[in-house]
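Per TrEMBL, these features apply:
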- 64-82: transmembrane segment (TRANSMEM)
- 67-230: domain 'SSD' (DOMAIN)
- 102-124: transmembrane segment (TRANSMEM)
- 136-156: transmembrane segment (TRANSMEM)
- 176-197: transmembrane segment (TRANSMEM)
- 204-230: transmembrane segment (TRANSMEM)
- 280-304: transmembrane segment (TRANSMEM)
- 560-580: transmembrane segment (TRANSMEM)
- 587-606: transmembrane segment (TRANSMEM)
- 618-638: transmembrane segment (TRANSMEM)
- 650-673: transmembrane segment (TRANSMEM)
- 685-712: transmembrane segment (TRANSMEM)
Amino acid sequence: FQHYTSADNCRSAFKAPLEPSTALGGFSGNNYSENELLPMAQSQNLTLSFSSESSIEEELKRESTADAITIVISYLVMFAYISLTLGDTPRLSTFYVSSKVLLGLTGVVLVMLSVLGSVGFFSAIGVKSTLIIMEVIPFLVLAVGVDNMCILVHAVKRQPLELPIEGRISNALVEVGPSITLASLSEVLAFAVGSFIPMPACRVFSMFAALAVLLDFLLQVTAFVALIVFDFLRAEDRRVDCFPCLKISSPNADSDKGIGGVRRPGLLARYMKEVHAPILGIWVVKIVVIAIFAAITVASIALATRVEPGLEQQIVLPRDSYLQGYFKNVSEYLRIGPPLYFVVKNYNYSSESNQTNQLCSISQCDSNSLLNEIARESLRPESSHIAKPAASWLDDFLVWVSPEAFGCCRKFTNATYCPPDDQTPCCSSGSGSCGLGGLCKDCTTCFRHADLNNDRPSTMQFKEKLPWFLNALPSADCAKGGHGAYTGSVELQGYENGVIQASSFRTYHTPLNKQRDFVDSLRAAREFSSRVSKSLKMEIFPYSVFYMFFEQYLDIWRTALINLAIAIGAVSLVCFVITWSLWSSGIIMLVLAMIVIDLLGVMAILDIQLNAVSVVNLVMSVGIAVEFCVHITHAFTVSIGDREQRVKEALGTMGASVFSGITLTKLVGVIVLCFSRTEVFVVYYFQMYLALVLLGFLHGLVFLPVVLSIFGPPSRCKLVEKQEDRPSVSLRP
């Protein structure tokens with residue numbers, strides 16, 4: 001909007017004329033409008049809406065700092081929750097020992113180091129970071145990294161206390177190490193796939209995210225494991241958290257021990273094993289769960305077709321931006337669309353060529369010429385989005401050189417250009433009469449009918465008179481002068497050879513208010529140009545100022561679906577390589593696909609558009625959704641018993657970690673984003689992330705256990721037992 005309105009003298013929505021910002025003699029157009037014109041309009045009881053070429057750029061810079069406090073608060077809330085959930089059940093008498101604030105802080109530091117490492121590496125090789133990288137990737141890596149931290153710490157707590165800390169760490173890594181590796185590598189691969197997205201914003205984001213998640217995983221399985229050892233040694237030695245130099249004694253040192261020297265499971269773990277799992281084990285419940293989730297997926301597939309491509313400009317701006325009112329008024333009151341130019345390349349104007357008649361629309365022109373086709377398209381603006389016939393420099397030039405337009409193309413006796421009688425030097429400002437006995441009394445028309453070939457100039461005549469036409473000022477005696485109207489419509493460089501390298505014919509789109517209107521108008525113009533180019537065998541393409549922003553939306557559905565399919569397939573491949581089980585990989589792929597499809601359905605319900613930001617979120621959702629599936633699936637495959645028993649055991653060991661360490665961690669960080677001042681954070685981060693977390697939780701802790709209890713793969717532990725009983729028999733999973 002702002003580009004074409006300022007280029008056409010930047011009229012406000014209420015018809016108050018403004019000059020473009022470039023014409024303000026060094027002043028900022030926004031400051032001038034705000035400090036000078038706006039008070040002037042308000043003093044006259046008028047409402048003024050304005051924009052300039054730099055308005056959006058300046059407001060985006062302001063937006064980048066507008067939500068800094070909100071983002072910091074989100075990180076702090078996540079850090080506070082990490083410190084709380086990593087510690088033991090809080091008791092006032094032992095809280096200062098059992099809390100793990102220092103461990104949580106060091107974990108967050110490792111996350112920040114991984115982000116800095118990723119940014120530093122790509123900056124060193126010349127890849128620039130963007131706003132979305134600096135604001136989203138720390139949040140993403142923190143959300144992913146917190147999951148692994150909670151799972152590792154909870155796994156260590158589940159080990160027998162009589163074992164030395166090294167033994168507990170070893171057993172914990174055996175228990176959860178494969179699933180953490182599987183989840184992290186799947187996330188890395190999902191983001192790495194996104195680096196092949198043709199959209200620069202998505203590609204750069206995916207590159208930074210893939211390396212950051214990989215570095216975070218490496219730091220967690222090395223440095224964070226070592227920090228866990230130090231923190232558990234501190235707690236067992238009764239040293240105060242954050243102040244390990246202080247040591248206290250307490251009679252409740254072993255209050256968390258259960259039978260056999262094992263920590264008593266927490267309330268959440270007991271709920272998962274004793275309440276949640278038995279309820280899901282009821283056959284009626286299983287049928288209802290599968291039916292509901294299948295119905296939601298089918299409905300989401302139908303709803304996904306309603307997701308429209310685009311990104312409303314109002315969303316990316318702060319809510320208090322002056323441009324919010326400008327875009328609203330443009331949409332409500334402006335009745336002209338952006339200018340549309342049909343550019344013709346290598347137009348051969350020589351007498352031997354018929355291309356002149358293939359382009360023009362006056363007498364003797366072809367009925368299927370470009371300008372006639374544009375005029376026909378303007379008669380059906382609902383589908384073509386063309387508002388009116390094109391202004392044609394070629395038509396006006398042919399009329400201008402015609403002998404009938406005797407006041408237009410004229411020459412002095414020395415064969416130089418002679419302007420119309422009502423222009424200087426034929427008419428001076430102080431003269432009472434013009435063209436009578438003055439300098440132009442001997443001017444004659446450029447051509448007679450006998451000089452033209454079927455009313456068309458020859459190659460030499462065309463070449464000689466075209467610069468005259470483009471420099472001729474329109475006036476009452478000759479309104480066809482091309483200066484001003486067509487000054488930039490013809491590229492004269494190299495035209496002496498009989499070929500004009502580029503020229504344009506200007507018309508206007510119909511008023512475009514919604515993002516879909518812009519995309520449809522671009523597609524219609526492209527299709528029209530392609531059809532006419534093939535018909536006339538000439539190279540013709542459309543151009544409007546907004547095309548460069550909306551071209552990405554022509555193929556964004558195809559781009560999104562291809563990359564989502566590749567990401568899900570790549571994650572499934574990683575699952576197969578690590579687990580060596582097509583059965584487990586297929587179930588994980590099914591759940592991931594359902595989560596992504598349901599997320600698309602939520603986007604349709606919430607009117608979230610498909611653009612670079614939402615495509616990044618969808619690709620990212622594949623990596624994050626793995627967290628909700630892989631840990632439960634891995635715990636199921638290494639448990640012993642029938643499917644019901646293994647589901648119960650998997651929920652008892654990993655269900656609590658998935659809920660408290662994955663679901664709630666992301667939830668507390670996401671909720672803070674709803675207080676953002678910028679709509680883009682509320683729509684594309686709060687709403688989409690919240691939907692992703694809730695869908696991942698429901699699929700991971702409700703749907704997945706039911707599927708595993710019915711169709712789950714066999715236990716890998718059974719194979720080990722058979723090998724011990726019959727070592728001579730070789731069995732493969």
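Placed from the backbone N, Cα and C atoms, the Cβ positions cover glycine too.
Remember, TrEMBL labels are computer predictions, not curated facts.
When Cβ-Cβ distances below 8 Å are used as the criterion, the transmembrane segment (136-156) is approached by residues 71, 74-75, 78, 82, 85-86, 100, 103-104, 107-108, 110-112, 114-115, 118, 168-169, 171-173, 175-176, 179-180, 183-184, 187, 205, 208-209, 212-213, 216-217, 220, 224-225, 228, 232, 616, 620, 623-624, 627, 631, 654, 656-657, 660-662, 665-666, 669, 685 of the same chain, each at least six residues removed from its ends. Nonlocal intrachain contacts for the transmembrane segment (618-638), taken as residues 6+ away from its ends with a CB within less than 8 angstroms of a stretch CB, comprise 140, 143-144, 147, 151, 175-176, 178-179, 182-183, 186-188, 190-191, 193-194, 197, 202, 206, 209, 213, 560, 563-564, 567-568, 571, 575, 579, 581, 584, 587-588, 591-592, 595-596, 599-600, 646-647, 649-651, 653-655, 657-658, 662-663, 666, 688, 692, 695-697, 699-701, 704-705, 708, 712-713, 715-717. If one looks beyond the transmembrane segment (685-712) by at least 6 residues along the same chain, the residues whose Cβ comes under 8 Å of a Cβ in the stretch are 136, 139, 276-277, 280-281, 285-286, 289-290, 293, 583, 587, 590-591, 594-595, 598-599, 602-603, 606, 608, 614, 617, 621, 624-625, 627-629, 632-633, 636, 643-644, 646-647, 650-651, 655, 658-659, 662-663, 666-667, 670-671, 673-674, 676.
Segment contact is absent for the transmembrane segment (176-197) and the transmembrane segment (587-606), given fewer than three CB pairs below 8 angstroms at sequence separation of 6 or more. Confidence over the domain 'SSD' (67-230), given as mean pLDDT on the 0 to 100 scale, stands at 80.
Listed by sequence, the residues of this chain that lie at least six past the ends of the transmembrane segment (280-304) yet keep a Cβ under 8 A from its Cβ atoms are 594, 597-605, 644, 647-648, 698-699, 702-703, 705-707, 709-710. Residues 70-71, 73-75, 77-78, 81-82, 85, 139, 142-143, 146-147, 149-151, 154-155, 158, 175-176, 179, 265-266, 268-269, 271-273, 276-277, 624, 627-628, 631-632, 634-636, 639, 681-682, 685-686, 689-690, 693, 696-697, 700-701, 705, 708 of the same chain sit 6 or more residues outside the transmembrane segment (650-673) yet have a Cβ under 8 Å from a Cβ within it.
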